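Novice: As listed in Swiss-Prot for this protein:
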type	residues	note
BINDING	Thr15, Gly16, Gly17, Asn127, Arg163, Ser191, Ile244, Ala263, Leu264, Thr265, Val266, Ser267, Glu268, Gln288	UDP-N-acetyl-alpha-D-glucosamine binding site
Amino acid sequence: MSGQEKRLMVMAGGTGGHVFPGLAVAHHLMDQGWQVRWLGTADRMEADLVPKNGIEIDFIRISGLRGKGIKAQLLAPVRIFNAWRQARAIMKRFQPDVVLGMGGYVSGPGGLAAWSLGIPVVLHEQNGIAGLTNKWLAKIAKKVMQAFPGAFPHADVVGNPVRTDVLALPLPGQRLVGRQGPIRVLVVGGSQGARVLNQTMPQVAAKLGATVTIWHQSGKGGQQTVQQAYAAAGQPQHKVTEFIDDMAAAYAWADVVVCRSGALTVSEIAAAGLPALFVPFQHKDRQQYWNALPLEKAGAAKILEQPEFTVEAVASTLASWDRETLLDMAERARGASIPDATERVAEEVSAVALAR
């Protein structure tokens, strides 16, 4: 089968942690001549982001069931059936050789539709704990991959596909050797920010004084409040931005990152070769804790769960990391990364399509 004849449908939606890895794999296969379409929902980020990346997208109507009332739970089978019918019609038109599920609600009915049409399903789990949809789909998938060990007992560990500009950063030894002056602390709470970071880090800055310089990404609507908090702590010199458009440049600037531990963030930090202080979001299944654990075990990071993320604990942790320690941690982070994750996922997709 030549590259021009191969067709892939990517199923991913909801959050950047699902969509960005899917885009990385899609672009890699498109460069090899594959035709790629996307299955998503019209009210989430993929609706805008995927077409901007030159990929046509089809929509089905589906949403999550967690935390919904009894009426929504009772209607769920009807909604899933309708979404399955929509996905099935889309796949009948496009006739993909293989579908790739990268997570999000859309993968459930999409994967079932593909299976019902005899189209092989390939799954990639980005988190250290498998999501509900992928747990179901794993039973019918031809191939299951995972970014971190432990999500599935026998799945190949292939890492998370990350952006090429992050992979292109100089290695820690080239980037960090010879740096002087205050330790550069990058604080990242995601696009929505993280209240615990926004409230705690200005006080940490006051404790550490001139030994650190901070670049703090506050999240949407948080810039002024966080700037005022730094000023009130007597630390107005630190940089606060609502968003960071060029994360690769921010990683290149930083000596250490203080952040949540979403799957993509953890994978990017490892690929960049950066030490980290992680404060996992308190999911019921502790998903972000399990994402961060491999880097802590590798000696590249420390995890402080949210109740432990106090001014004193954060300040003492950062103060204990001198430049020599940070360089060692950075090299351990890079050593724990899987920089060819995109290629690994793409190769498995190709193998399943060829074996069909």
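Even glycines carry a Cβ here, placed using N, Cα and C.
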Novice: When you tally the Cβ atoms that lie within 10 Å of each candidate's Cβ, which of the binding-site residues (Ile244, Leu264, Val266) has the highest tally?
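Specialist: Buried the deepest by this measure is Val266.
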Novice: So what sits near Thr15 (UDP-N-acetyl-alpha-D-glucosamine binding site) in its own chain, CB-to-CB under 8 Å and at least six residues off in sequence?
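Specialist: Result: Met45, Gly104.
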Novice: Measuring CB to CB from Gly17 (UDP-N-acetyl-alpha-D-glucosamine binding site), give everything in the same chain under 8 Å that is also at least six residues away in sequence.
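Specialist: Counting only residues 6 or more apart in sequence, the Cβ neighbours of Gly17 (UDP-N-acetyl-alpha-D-glucosamine binding site) under 8 Å are Gly103, Gln126, Asn127, Gly262, Ala263, Leu264.
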Novice: Radius 10 Å, atoms counted are CB only; among the binding-site residues Arg163, Glu268, which position scores highest?
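Specialist: Selected residue: Glu268.
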Novice: Give the helix, strand or coil assignment DSSP yields for Thr15 (UDP-N-acetyl-alpha-D-glucosamine binding site).
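Specialist: Once the DSSP labels are grouped into three classes, Thr15 (UDP-N-acetyl-alpha-D-glucosamine binding site) ends up as coil.
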